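*Asks:* Structure provided below as structure tokens; questions to follow.
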Amino acid sequence: MHSSLEPEKMEEGGGSNSLKRKFSEIDGDQNLDSVSSPMMTDSNGSYELKVYEVAKNRNIIAVLGTGIDKSEITKRLIKAMGSSDTDKRLIIFLAPTVNLVKQQCCEIRALVNLKVEEYFGAKGVDKWTSQRWDEEFSKHDVLVMTPQILLDVLRSAFLKLEMVCLLIIDECHHTTGNHPYAKLMKEFYHESTSKPKIFGLTASAVIRKGIVSSPSNYAAQVSELERLMDSKIFNPEEREGVEKFATTVKEGPILYNPSPSCSLELKEKLETSHLKFDASLRRLQELGKDSFLNMDNKFETYQKRLSIDYREILHCLDNLGLICAHLAAEVCLEKISDTKEESETYKECSMVCKEFLEDILSTIGVYLPQDDKSLVDLQQNHLSAVISGHVSPKLKELFHLLDSFRGDKQKQCLILVERIITAKVIERFVKKEASLAYLNVLYLTENNPSTNVSAQKMQIEIPDLFQHGKVNLLFITDVVEEGFQVPDCSCMVCFDLPKTMCSYSQSQKHAKQSNSKSIMFLERGNPKQRDHLHDLMRREVLIQDPEAPNLKSCPPPVKNGHGVKEIGSMVIPDSNITVSEEAASTQTMSDPPSRNEQLPPCKKLRLDNNLLQSNGKEKVASSKSKSSSSAAGSKKRKELHGTTCANALSGTWGENIDGATFQAYKFDFCCNISGEVYSSFSLLLESTLAEDVGKVEMDLYLVRKLVKASVSPCGQIRLSQEELVKAKYFQQFFFNGMFGKLFVGSKSQGTKREFLLQTDTSSLWHPAFMFLLLPVETNDLASSATIDWSAINSCASIVEFLKKNSLLDLRDSDGNQCNTSSGQEVLLDDKMEETNLIHFANASSDKNSLEELVVIAIHTGRIYSIVEAVSDSSAMSPFEVDASSGYATYAEYFNKKYGIVLAHPNQPLMKLKQSHHAHNLLVDFNEEMVVKTEPKAGNVRKRKPNIHAHLPPELLARIDVPRAVLKSIYLLPSVMHRLESLMLASQLREEIDCSIDNFSISSTSILEAVTTLTCPESFSMERLELLGDSVLKYVASCHLFLKYPDKDEGQLSRQRQSIISNSNLHRLTTSRKLQGYIRNGAFEPRRWTAPGQFSLFPVPCKCGIDTREVPLDPKFFTENMTIKIGKSCDMGHRWVVSKSVSDCAEALIGAYYVSGGLSASLHMMKWLGIDVDFDPNLVVEAINRVSLRCYIPKEDELIELERKIQHEFSAKFLLKEAITHSSLRESYSYERLEFLGDSVLDFLITRHLFNTYEQTGPGEMTDLRSACVNNENFAQVAVKNNLHTHLQRCATVLETQINDYLMSFQKPDETGRSIPSIQGPKALGDVVESIAGALLIDTRLDLDQVWRVFEPLLSPLVTPDKLQLPPYRELNELCDSLGYFFRVKCSNDGVKAQATIQLQLDDVLLTGDGSEQTNKLALGKAASHLLTQLEKRNISRKTSLGDNQSSMDVNLACNHSDRETLTSETTEIQSIVIPFIGPINMKKGGPRGTLHEFCKKHLWPMPTFDTSEEKSRTPFEFIDGGEKRTSFSSFTSTITLRIPNREAVMYAGEARPDKKSSFDSAVVELLYELERRKIVIIQK
């Protein structure tokens, strides 16, 4: 090998290229500052224009060197393609990294007037549907994305390449091998019938590492790139164009001597240390295996970390010297010190790595000067530093180069290094070297995807610092340097030779300033480096004629895949579509599946045309996988669903001309107050109701009284056509008169005012909702329902009267006033002088028989009942309703307001009881009011006064209907709502159709199972859902355990999870359309309408769907927290929490179990589509398999255990297997039985709690089960019953854990509360569960016998009165109920976690501290300390619940002797600093929110409100937020705020039309008062 290359060898390959330098120039230390040709530019951009013209006509790969503005070319090309007159086709710009995507997107947006958008994985595009992609394609013209995104979109057939007119590929030299660029071209471009134009951009056509041995080798790589991209390399002829317009770059080498050999003694010491600590890690790994924790991957990580650190230190030692090797060890040590591990074993591994690096530091330190082991004075001792090996010759030359920059502050230098460790240690060296203090140095390395946010921020900030001269020396790696936007520099130094031609070419692009340099470091006498540089400089890019035809296309690849040919979607073995991983997860494999192995399962999955998983078949997913929080069945996701109609309420009799036959159901009402009479009613339906629906009772809760409603069937009844008309009149008249309106239209709205029953009301009678509610004669027998036709006929006569005589227009056509007697023939002679007669609009009545008479106002259509005739009053009496109105008398009021001239103004006024809206009578709000809003002592709640109307009798028409009928009509909306709910429950029961002997399930149970907590009822699905969850888990576990005897516990758990997961239950539930039956909204009586009733409170549908049923489409899903759950539109659409759909399935399983046991619940599961079953033969087979196992008893090892559990096993091996830990390495262990026993105990305990505590609420039931069913509780059961002594094990770590647990088992906590600081080993809880599983099999699935054995073992089970919540949760709930906030602070010193909780009471700041292994345990201990302090002040969860008091009832004042000294933090801040609040948000709810955040921040208790209401017949006027509002009610609230260490502040707000607005007003007034007292400062 020659030491230099002759000139003729430099010219090999022909042609003269000024970039090819003669190697004879490299062998000397020539002056690197030789002057080059001045830089030449062309203001017209001739070169860019030439490239653009060629790219416009054909596919090219533009090799753009230094100084060429590729943005200008891209802009011209995009503008030309984007402005074409053809149909819209997309322009796609591809960049290989996310940083480049963002950078190019910003540049393109600034350059072109088109709609540009960027796409990459972090935007969640992997989950986008076809509709979402279609929206993106339609809204944007230019799409900038990574190639993998485009590849996935094409594979899913969301996009076809025919829709693209231009494909720009940046850094296109990556189009090789398995890069997404190459896959894109092979799979789609060459297959496309209408190909887009290709424009490739690169600085070098070849990227591959290694030495390019010959021009032909290089040309072959270029040819391969051209074939794949269907394009030609474009370079100007002999690069004259480039050299003409590119910046001049001066290039020169720096030669350095080889590094002297390091001390063999030192290297041997380092190697010995590495082997020693590596062996320590291996020993820890062996111990980890004994504990049977899955630690192999973690140990491999630590071993790899140890080896990497060792190699990095050796690299620095060989190439940079002793000092840098010492610095490298420091860097590695800092990194390992930042590692936090919770496991003791992992902490030991981390400690081993740390001790290794400390040992390395100590070993290297011996060879460095003792006075300063970091640095030497390079200015004075550079030669001795090199000789001693402290600094390598290469590093010395770098420092000499940097020293030449002294005094030139404008000098900016980029230094390219191969390894990150090189950049880090040299940066440290430079910063510590005093002679280089004039340099501002930083390093920038590759952006690892796992890098934290601060590191990613530095990737952006460091180049900016370099550009503005704040950093003049920047170390970078070639990975960052390629494609990264690094600012201009005056010197580019390749400290390590570039490995690829692309990297070499890119390195030249950064030296773009005038008189710039490009410097290579070369080792003297190193032929490998010289040859490598030679090949890098011989970039033999073939210059071809731009007008020549393109190279032949790449042959289409062989596709081993699965897809939909019609639309082009496909999955291939190397597909990145997630369905391949999903498919692979369904296979049981010992090793990770290969890409080819994933493909067959993909074909078995049910996929849609876009290869997304459809809902048609159950997806078997891995257990406990971290699915999206907004997936199906999650709490976060809300879904729009329709509401199923009750078929029993439908009818076709509306148009029958011959009458109709009905099924009659009588409603009887009985009040608990004697003398209160309610009329019975009859419900007439076309359908026959189920027995338990047609005969039901319910309680109706009125104010201070209870009415029992009972429904009973009364057989068939037939109505003639005439009777039907009158019956419909009655229903329309009363339901509209009392809950709606009888007069429709308004002059103010420009519509004619009409009597409702004079108009066409057929639209109010819909066949899906057709029934009649008619009064029944009061003396009727309970078993029959005789319609009260006298009342109905009276109503019909009034309807006819109003059609002719209602005062609708109030003035005649000439604008004259109307006389009430004009044209009303039915009126008696007004000259009648009988003093006891009262003249009504349609009749006269005796004055003494007016009480409870039902009347209707003929000018408003409102229905009243008469209380009395007011003596000494008449229409000429002073108008007292509104003194400020200006009306002198009632007669004047009616004359001026309505244009009515009264014919009998001297008659006494009628005192009338007004009709009101319907109320929800199904919930006992009286009881709830006592619990939630009981006023504080001394403030007795006043009963609201009754508001009566006063009208002249001649404006009233008498209706001969008892007032008891009106009273009953107020009850009917609630009765019908409950009855309709039961009809739906019965309808669902018929669909499920469980025909099992001696089985029946009530509609009430079904109704409970479909009612959520958001529906304010006295029942909900929660308890049944809790039970159903356990039943389903138990059944699924038994089914899998018996069906798959060869599967291990992990496989069984994954399959069970796939069955019982919320997402699977959601899929099955929606496939059965159960979502329409779910009741999740409050009953709104004002929106309930009877057939024929006009709704006063319509909610028009704005859901974007015309049908009642809502399809399962992502556009009807949301995560919006402001969505109102359960509030339906008039089409029945409402938002439902996705988890409620899954919970409904479990609740129905629970309901069927309660009614019919496991057989009924199994039927329910099968109806849903859950494939589970109990085959008795499988149980026998399982016992037979166990019985055949060889078992030789050893000294009665099982007899003692059988005695403890009081059961003798028929299959002894079951018990042997149940106590065998896997550490014994037998062919069996307890894991499968533990899987079964876990579900058995969960089910048995849940069933016990469900049956024992029937009145316990769902929340407390969940807490009880959690307290009973957990591994810690079972571990205590094992120790208490001495079952742990029978656990067969051979694991040192487990043995230690058990012994430690036994020692701390009886150790009391310092707070006196049972918070074990040591968690029980999982194996102890597992053995209890495995024994339960063994017992279940041995008893042939006899659950009662298993419970007989385990109930005494588990006793005493926790009871509601002894339930102890986790301390932190208990504190949180207690403070929430009392209106107090607390502040939490957590920290971790690497050994233990510390937690501090501060709670501010009225006059004392309480502090609780805790220190434990984890933050959770530390918080629990801190909360426990606080709860203990609160209990001393008689503040606890039990006392507040027991006394049934609110936060205002609890005495929070402390005796002065008990007061704790406030911390200096609290006293000083409160005494000196006045806190700021606001600015106040004046929108509705804004002031309350502002005060809430302030109280939370400063630990002030939440305020309390006391509200008074005033009602009026005439509307109040309010000015609220600059807007005028009117309301018949006025609310005024008083707020009380307890400020710590001050007197309570009380302030009243202004009157407002609603209660919440009055709260806001009170808060605003309070805040201004606080500011006046200088307690707070309100920010403007």
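Along the chain as shown, residues are numbered 1 onward.
Using the three backbone atoms N, Cα and C, a Cβ is placed for every residue, glycine included.
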*Asks:* Of E1226, E1231, E1234, E1412, which does Swiss-Prot put in the Mg(2+) site with D1326, E1329?
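*Replies:* Looking through E1226, E1231, E1234, E1412, the residue Swiss-Prot assigns to the Mg(2+) site is E1234.
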*Asks:* Please identify the range among 170-173, 294-297, 778-781, 978-981 that Swiss-Prot labels motif 'DECH box'.
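*Replies:* It is 170-173 that Swiss-Prot annotates as motif 'DECH box'.
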*Asks:* Give the number of CB atoms, excluding that of S71 (ATP binding site) itself, located within 10 Å of its CB.
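*Replies:* The answer is 14.
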*Asks:* Counting only residues 6+ apart in the same chain, whose Cβ is under 8 Å from the Cβ of K70 (ATP binding site)?
*Replies:* A62, L64, L201
*Asks:* C-alpha of D69 (ATP binding site) to C-alpha of D1326 (Mg(2+) binding site): distance in Å?
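*Replies:* D1326 (Mg(2+) binding site) has its Cα 69 Å from the Cα of D69 (ATP binding site).
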*Asks:* Pick the one among the binding-site residues D69, E1234, D1326, E1329 whose Cβ has the fewest other Cβ atoms within 10 Å in this structure.
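*Replies:* Checked D69, E1234, D1326, E1329; of these binding-site residues, fewest Cβ neighbours within 10 Å: D69.
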*Asks:* Take the Cβ of L64 (ATP binding site) and count every other Cβ within 10 Å, whichever protein chain it belongs to.
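*Replies:* Total other Cβ atoms inside 10 Å, all chains included: 22.
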*Asks:* May I ask for the distance between E1234 (Mg(2+) binding site) and S71 (ATP binding site), taken between their Cα atoms and rounded to an integer number of Å?
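*Replies:* Between the alpha carbons of E1234 (Mg(2+) binding site) and S71 (ATP binding site) there are 65 Å.
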*Asks:* Kindly state the mean pLDDT of the motif 'DECH box' (170-173) in the predicted structure.
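*Replies:* For the motif 'DECH box' (170-173), the model's average pLDDT rounds to 88.
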*Asks:* Could you give the Cα-Cα distance between E1329 (Mg(2+) binding site) and S71 (ATP binding site), in whole Å?
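*Replies:* Answer for this pair: 68 Å between alpha carbons.
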*Asks:* Could you break down the residues of the domain 'RNase III 2' (1198-1340) into DSSP helix, strand and coil, giving a count for each?
*Replies:* 93 helix, 2 strand, 48 coil
*Asks:* An 8 Å radius from the center of the E1234, D1326, E1329 Cβ atoms defines the neighbourhood of the Mg(2+) site; name the other residues of that chain inside it, in order.
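*Replies:* So the extra residues in range turn out to be Y1230, E1231, L1233, F1235, G1237, D1238, F1274, G1325, V1327, V1328, S1330, G1333.
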